[in-house]
Amino acid sequence: MAATTIHQAVGTLQSCRSNGNSGLCPGYGHVSLRSVSKGFKVDVGLLRGGSYCSKKRSTCVIQASASHATVSDAVSAPSSANSSDSKKKTSEAALILIRHGESMWNEKNLFTGCVDVPLTKKGVEEAVEAGKRISNIPVDMIYTSSLIRAQMTAMLAMTQHRRKKVPTIIHEESEQAGAWSQIFSEETNKQCIPVVTAWQLNERMYGELQGLNKQETADRYGKEQVHEWRRSYDIPPPNGESLEMCAERAVAYFKEHIEPQLAGGKNIMIAAHGNSLRSIIMYLDKLTSQEVISLELSTGIPMLYIFKEGKFIRRGSPAAPTEAGVYAYTKTLAQYRQKLDNMVQ
């Protein structure tokens, strides 16, 4: 039996190995969350901690370590199955979303948008901590925006990963770039994780607000006007993008390029930005345009989804000091957590 820890994001995970079936164990080749379907009971959520694993029933319970609610999803299957049964099993894939760590313009309270600025020291630490939280979740491919703060976050996070694979940026901007970055060792290729950069995952373009201090902007345009630009769904700042416009490009890219990889069983990490990730979460969780504007994403905090049978299932949302500070918070989620609290009391 191998114990695995996913700090705060999804709690403590322990996997059992009986009758030749293994869960998420180090040293058994390519690890995939699809092994969860082999006779495990999965309890992923936000309880106060602890986990156990039963050898007799090949049952694993996962519990998070820092909040108040739990989500149960029991999957029953025989401990041994013939080949025809395994063909019928539905594959699962992990999707990890991470907003980049604090940038140098976040620190200065400036509108950043598509201006390409790096992380602060705090942002670096946040990215490393994010990596620790997801260090035991398999990652086969990484997608980032074209902006350095998202790429730094992805790279720093992967320095903490248990499998020690090297994230390698795929250069396809020209035929020569692709040829010059080619790897000629198959063994080395196996130890790499391809990283795809896409401008479609960039932060929304804030137009004429980019580079302005947020207080200075409120003084110039008025507090109510700035709030409308920042928090409305379909009203863009001068010569910039609204959240709706950002969602059009980010979600279209996700559907065309990332979702097929998940459907093929690839475990994916996306390191991007507050608004591009809000757009994708809106699609994953089927949020309305009103619900998404109340969605707040903290820097450097991972969120985990499982893609199964064409559906996205939220599996990890770390807790913050208050309910309103939870990583991806909406009124609907708050009501759901309250129901779960009542169930476990």
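Note: Cβ is positioned from N, Cα and C throughout, glycine not excepted.
Features as listed in TrEMBL:
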- H100: active site, tele-phosphohistidine intermediate (ACT_SITE)
- E203: active site, proton donor/acceptor (ACT_SITE)
- 99-106, 112-113, R149, 203-206, K214, 230-231, 274-275: substrate binding site (BINDING)
- H273: site 'Transition state stabilizer' (SITE)
Nearest recorded site to G113 (substrate binding site) by CA-CA distance, among recorded positions H100, E203, H273:
E203
Quick one: of the recorded positions R204, K214, H273, G274, which has its CA closest to the CA of the residue listed as 'active site, tele-phosphohistidine intermediate'?
H273
Under 8 Å between C-beta atoms and at least six apart in sequence, can you list the same-chain neighbours of H273 (site 'Transition state stabilizer'), or say none if there are none?
R99, H100, S145, L147, A150, L201, N202, E203, R204
What is the one among the recorded positions E102, E203 whose Cβ has the most other Cβ atoms less than or equal to 10 Å away?
E203
Out of R99, H100, R204, K214, which of the recorded positions has the smallest number of neighbouring Cβ atoms within 10 Å?
K214
